[in-house]
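One structure is given here, and the rest of the page talks about it.
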Amino acid sequence: MTHPILETRDLTVRFGGHVAVDAVSCTFRTGELCAIVGPNGAGKTTYFNLISGQIPASAGRVVLNGQDITRAGVSRRCDLGIGRAFQLTNLFPNLTVLENVRLVIQSKRRMGFALFSTAASHVELTNRAEEILDSVRMMPLSGYKVSELSHGNQRKLEVALLIALDPLVYMFDEPTAGMSVDEAPVVLDLIARLKAQTDRTILLVEHKMDVIRSLADRIVVLHNGALAADGAPAEVMASDVVQEAYMGKELDIA
Amino acid sequence: MLVKLLSGDSPRSPLLALILLAILIALAFAPFLFPGIRSVDTAARICIFIVLVASYDLLLGYTGIVSFAHTMFFGMGAYGVALASVHMGRGFDALAVGTLAGAALAAVFAFLIALFSLRVRAIFFAMITLAVASAVAVLVSQLSQITGGEDGLTFLIPRELTPAFRFGDELFGVRLNGKLLNYYLVFLASLALFLLLLRIVNSPFGRVLQAIRENDFRAESIGYRVVAYRTTATCISAAVAAFAGALYAVWIRYVGPDAVLSFDIMLDILLMVVIGGMGTMYGAVIGAVLLLIAQNYLQELMGLGAGAFEGVPILPELLSADRWLLWLGILFVLSVYFFPTGIVGRLRQGR
């Protein structure tokens with residue numbers, strides 16, 4: 001049940017002289033929800049980009065399910081089981097909500113190169129997309145264009161796309177960013193349900209400490225691009241390095 | 001049945017449906033409704049340009065790729081038919097071989113251009129297509145032993161497609177000759193190609209293209225290999241353009257750099273797709289009809305207007321037939337200003 005699914009070994013990226021992610025070695029297990037925390041500029045999103053392939057690594061490796069994917073492209077990694085949601089909403093704005101989800105399912109079933117059948121004739125894709133939308137209670141919005149949705153609903157759809165993709169590793173980059181206090185729990189609830197219902201690995205970049213406390217099995221702390229702490233939530237939160245790096249508290253020099 | 005033929009992509013505007021139906025009927029019965037060499041010639045050109053513009057819309061409107069080589073692909077189909085007919089002698093086999101060879105060459109060129117440029121960024125594709133298209137146009141006009149150079153090539157098409165072939169007397173006052181058959185070859189082939197394109201843009205593949213146009217970054221991250229899709233779309237678009245070129249060559253029985261490779265055709269395609277409405281397919285129909293009719297008849301209309309206003313200051317000069325390009329330009333500016341999403345986009349909004 002808890003065998004390693006994703007591993008980064010000395011994963012490093014340099015932009016010019018600046019080391020954005022510095023030799024981060026970390027192993028993630030199936031069924032685990034791991035929160036990745038750190039102050040702004042700590043390299044959390046960059047670390048995510050290295051794992052999902054948006055930027056190439058300068059050094060080190062990414063291993064998914066025993067397979068080295070360090071050199072694989074973004075779409076290949078997606079095929080192999082990396083699913084990524086983005087910090088800034090990143091959808092297909094002029095397509096309908098249903099079409100957004102349908103495209104993900106179509107990709108998962110590798111039907112993108114079907115040229116001579118109409119998309120509407122593949123009822124099974126539409127049905128599955130509607131199931132997903134129903135499960136996140138967005139079915140009433142299915143006919144709207146994404147650009148017509150509220151920010152909160154766009155964030156929700158972002159999560160729905162990942163659920164439709166059902167990857168081995170779910171990667172959420174600040175899923176509640178920019179959401180109101182009323183809206184955020186809806187998205188967090190979706191992630192909590194996901195955690196309860198599957199044994200997929202979930203990586204979550206998040207700032208809200210209460211969220212992390214209630215959801216995470218484990219916390220990884222990044223600081224200046226390097227791994228600063230890694231362990232169970234209570235233990236990591238109490239550690240000096242987190243108190244200093246993340247909470248901004250000065251260390252008492254004894 | 002009809003919905004199936006249209007691949008479920010209905011015009012979604014009663015007025016648009018009416019206009020399209022009128023155009024279809026007019027083109028289907030053009031030789032009977034508008035007898036006369038010139039009007040039938042205009043109708044055939046409209047059919048061919050609908051296909052050419054629709055194939056360009058697959059790239060520009062659906063995939064979001066700007067290409068300046070569409071005339072080159074068009075020309076490859078045309079020269080394919082001409083060269084095959086010259087070397088193999090007149091016959092339907094020459095037409096088939098020439099068309100297929102032209103389309104294959106166009107697809108190969110499109111594949112190579114796409115492979116070299118689309119990997120990097122879509123904007124390079126536009127520049128490279130411009131360079132390759134210019135190079136090919138120069139090459140064609142220089143290699144006069146093969147291509148006939150600037151003079152182009154005149155060739156014979158099967159007798160069954162020429163006015164000399166008679167297969168009956170008259171029907172509703174129209175001579176039943178090979179030219180009529182030729183028109184219906186052009187019309188039916190164009191209709192089939194248009195329906196094929198309509199099917200492709202409404203297929204799962206077409207949806208991926210739209211996703212790529214909307215957000216290529218996200219398309220990649222949900223598992224679509226964007227380069228592969230863009231390349232495939234480019235090849236299909238090029239091959240269909242070559243088919244349109246082959247039909248054009250069969251219709252005018254001549255190819256030359258000015259007739260099938262000139263940059264003016266590229267500009268016309270761009271104007272038609274923008275005026276009609278990008279990313280709609282039906283926009284190609286509206287754009288091609290409007291622009292070709294304007295090009296062919298605006299001059300005369302203006303000549304009439306100039307005559308009518310004789311004696312009034314300035315007006316006759318403004319309406320003089322020589323000023324037709326000025327008016328076409330004004331029409332274009334106005335249509336882009338008032339219909340930024342094209343005529344089809346405007347009609348659909350007006351629901």
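Each residue, glycine too, has its Cβ placed from N, Cα and C.
According to TrEMBL, the feature transmembrane segment maps to B:15-34 (among others).
Cβ atoms under 8 Å from those of the transmembrane segment (B:46-74) belong to residues 27, 106, 109-110, 113, 118, 122-123, 125-126, 129-130, 132-133, 136-137, 186-187, 190-191, 193-194, 197-198, 200-201, 206, 209-210, 212-213, 216, 229-230, 233-234, 236-245, 247-248, 251, 260-263, 265-266, 268-270, 272-273, 276-281, 283-285, 287-289, 292-293 of the same chain, restricted to positions at least 6 beyond its ends. Annotation comment: TrEMBL describes B:46-74 (among others) as transmembrane segment.
The transmembrane segment annotation in TrEMBL covers B:94-116 (among others).
For the transmembrane segment (B:123-143), the list of distant contacts is 65-69, 71-72, 75, 79, 109, 113-114, 116-117, 149-150, 257, 261-263, 266: same-chain residues at least six beyond its ends, Cβ to Cβ under 8 Å. Marked as transmembrane segment by TrEMBL: B:123-143 (among others).
Under the heading transmembrane segment, TrEMBL lists B:181-201 (among others).
Using a Cβ-Cβ cut-off under 8 Å and counting only residues 6 or more beyond its ends in the same chain, the transmembrane segment (B:222-249) has close neighbours at 45, 47-49, 51-52, 54-56, 58-59, 62-63, 65, 67, 69-70, 73-82, 95, 98-99, 102-107, 109-111, 113-115, 118-119, 122, 185-186, 189-190, 193, 196-197, 200, 205, 208-209, 211-212, 216, 255, 260. Under the heading transmembrane segment, TrEMBL lists B:222-249 (among others).
The transmembrane segment annotation in TrEMBL covers B:269-294 (among others).
Per TrEMBL, the feature transmembrane segment maps to B:325-345 (among others).
If one looks beyond the transmembrane segment (B:15-34) by at least 6 residues along the same chain, the residues whose Cβ comes under 8 Å of a Cβ in the stretch are 40, 43, 46-47, 171-172, 174, 180, 183, 187, 282, 285-286, 289, 344, 347-348, 350. Highest Cβ pair count under 8 Å relative to the transmembrane segment (B:325-345), across stretches B:94-116, B:181-201, B:269-294: B:269-294.
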